Structures are given as C-alpha cells and as structure tokens.
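Student: Mind looking over this structure? Questions follow.
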Amino acid sequence: MTHLFEGVGVALTTPFTNNKINIEALKTHVNFLLENNAQAIIVNGTTAESPTLTTDEKERILKTVIDLVDKRVPVIAGTGTNDTEKSIQASIQAKALGADAIMLITPYYNKTNQRGLVKHFEAIADAVKLPVVLYNVPSRTNMTIEPETVEILSQHPYIVALKDATNDFEYLEEVKKRIDTNSFALYSGNDDNVVEYYQRGGQGVISVIANVIPKEFQALYDAQQSGLDIQDQFKPIGTLLSALSVDINPIPIKALTSYLGFGNYELRLPLVSLEDTDTKVLREAYDTFKAGENE
C-alpha cells in the first residue's frame, strides 16, 4: 500500500504583517508543524488565501516551505485554477521549485462538464508528471467531480488522491466502490467529519485545525488505525471545531495562528478578521482545549 501520506496533512495559512508575507513567521509555523507530527504540508490552497496571493508570492512561500521541510514530509502545492494552461504553468513551476505533489481544485465560475474535468485534470497531469491530488469542494466551486469521473481519473498514473470536501458519506462510498484504495488515497477536506471518514476507510485529512493542533489531530488518526474507538478522544477537538465554525475559513483559524505567534491577525480583502468579541471567544476555546490536555 503506497499513499502520498496517511493521517494529517495541514492546509497551511499564510502569515501577513502589514499586508506583506512574513517569512520568519511562516518558518516558525512550519517548524511547529514538523515538530508536532504533521504528515504533509499543503501550500497555497484555500486556507492560504491563494486567490489574493501574487504568482511571485506563491512561489516565494512554496520555496521557503520546501527548503525548510527538506523532504521530511511531502509538500503539496495548490496550483489549480479554472484555466487549464495557467494551471499547467503553475504546476510546472511548482515542480521546478521541488514540490512533491500538486493539488488541483475543480474549475470554478466558468466550470465545465464531467468530460471537461477529465480532459482538464489529465492535461495537467500529463504535462507535469508529478503526483496529483484532486480537490473536490462543491460548496466553493459549484462543481463536483462525480464518482464515475474519479474512477476514470484514478487510472491515470499521476493522479493519486482525492481531497473530498463534500461532507457527503454517500459520495465517499460511491467513490470507494470505483477505485483501488491501495493506490489511490481518499482524504477528508472537513475536519469535523474525520471520525466517520476514518471509520469508512479514509486515509487521512487535509486539515485546517491542524494548523494549531497538529499533534492532537494526528494522534486521533493513529488511535483509529490502532483499532481504538476515537469518539471520546474527538469530543474536545469537536468543541474547538464548533468554535472555529463562527465564520468562513480561513478567517477563524488565523485568529488562532496569530494567537500562537505565526504572524499578525491579518487577512487580505475581501476577507476580514472576526469581531473582537468572536476572536476572544475563539481564543478562549483554544485555551480551554489546551488546558484540558494537561488535566
């Protein structure tokens, strides 16, 4: 059985100070993740505010992370757009910088049909020849990769995984029927459903909350793999996730990454920070979670 990673991959935030990338904060954050058992780092995805990053900024962030990680865990670059040729060029550059894999979101706004999805993803995979994680997030794109399409794409030698942010277990089961899970990984894109996702055979999660609790979130996966019932272990994490759901990702998680010292609490427009009262409640929820660990 060979997968890109198993367990927790972290959808990395982008730290800003005065609207500029804070490279030192980025390095501090990545070191924290590596020291706390993150199994992969996903760069320039939704949580990174990729729509408001310039090409130069994306490349600088990716290069910084790749150099720091130094092959200890896979670094996966978000390079997908709704333009196939632009996605190819971004993916080729990510490969040149040393990325271990790329993550490709479904085309949004202009969208396409299922045949178009196959051609889009295969064209990028053929051009780049680097492992590809498909990213299905219909809540953001209004477009889904149907299970039949996943089946077709899973036959491609470089298309090796799906980030499944549908939060739909019927979808998961339909996909599972059609793929070889020994060679094609299924990663949840929803932190709050990981208990059942793991129970149903998922290989891991591409996580937001793991930006601040990577060790605890990986321990949950490890416990499940050991045959333990993880419902009770998940409960305090679930409480923190409920607090995190106060607004759209990555607005709340950056209230916590900044609390831990990974840059200021800044986002780029059109995203705005939480109201002060919500920020306080969320940070108190994090403190309560950490205090519970020490009891």
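Cβ coordinates come from backbone N, Cα and C, glycine included.
This is the feature table in Swiss-Prot:
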- TYR135: active site, proton donor/acceptor (ACT_SITE)
- LYS163: active site, schiff-base intermediate with substrate (ACT_SITE)
- THR47, ILE206: pyruvate binding site (BINDING)
- THR46: site 'Part of a proton relay during catalysis' (SITE)
- TYR109: site 'Part of a proton relay during catalysis' (SITE)
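Each of the listed features needs to be described in terms of its position in the shown structure.
Tutor: Contacts of TYR135 (active site, proton donor/acceptor) defined by a Cβ separation under 8 A and a same-chain sequence distance of 6+ are given as GLY45, GLY78, GLY80, MET103, LEU104, ILE105, THR106, LEU162, LYS163, ALA165, GLY189, in order along the sequence.
In this structure, LYS163 (active site, schiff-base intermediate with substrate) is part of a beta strand by DSSP.
For THR47 (pyruvate binding site), other Cβ atoms within 10 Å of its Cβ number 23.
Annotation for THR46 (site 'Part of a proton relay during catalysis'): same-chain Cβ neighbours under 8 Å, separated by at least 6 residues, are ALA11, GLY78, ILE105, VAL137, ARG140, ASN249, PRO250.
Non-local contacts of TYR109 (site 'Part of a proton relay during catalysis') by the CB criterion (under 8 A, 6+ apart in sequence, same chain) comprise ASN82. According to its DSSP assignment, TYR109 (site 'Part of a proton relay during catalysis') is coil.
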Student: Around LYS163 (active site, schiff-base intermediate with substrate), how many other C-beta atoms are within 10 angstroms of its C-beta?
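Tutor: Cβ-Cβ neighbours of LYS163 (active site, schiff-base intermediate with substrate) within 10 Å number 27.
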Student: Sorted by position, what residues of the same chain at least six away from ILE206 (pyruvate binding site) have a C-beta under 8 A from it?
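Tutor: Correct list: GLY9, VAL10, ALA11, ALA40, ILE42, GLY45, MET103, VAL133, LYS163, TYR187, SER188, GLY189.
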Student: DSSP three-state call for TYR135 (active site, proton donor/acceptor): helix, strand or coil?
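Tutor: Once the DSSP labels are grouped into three classes, TYR135 (active site, proton donor/acceptor) ends up as strand.
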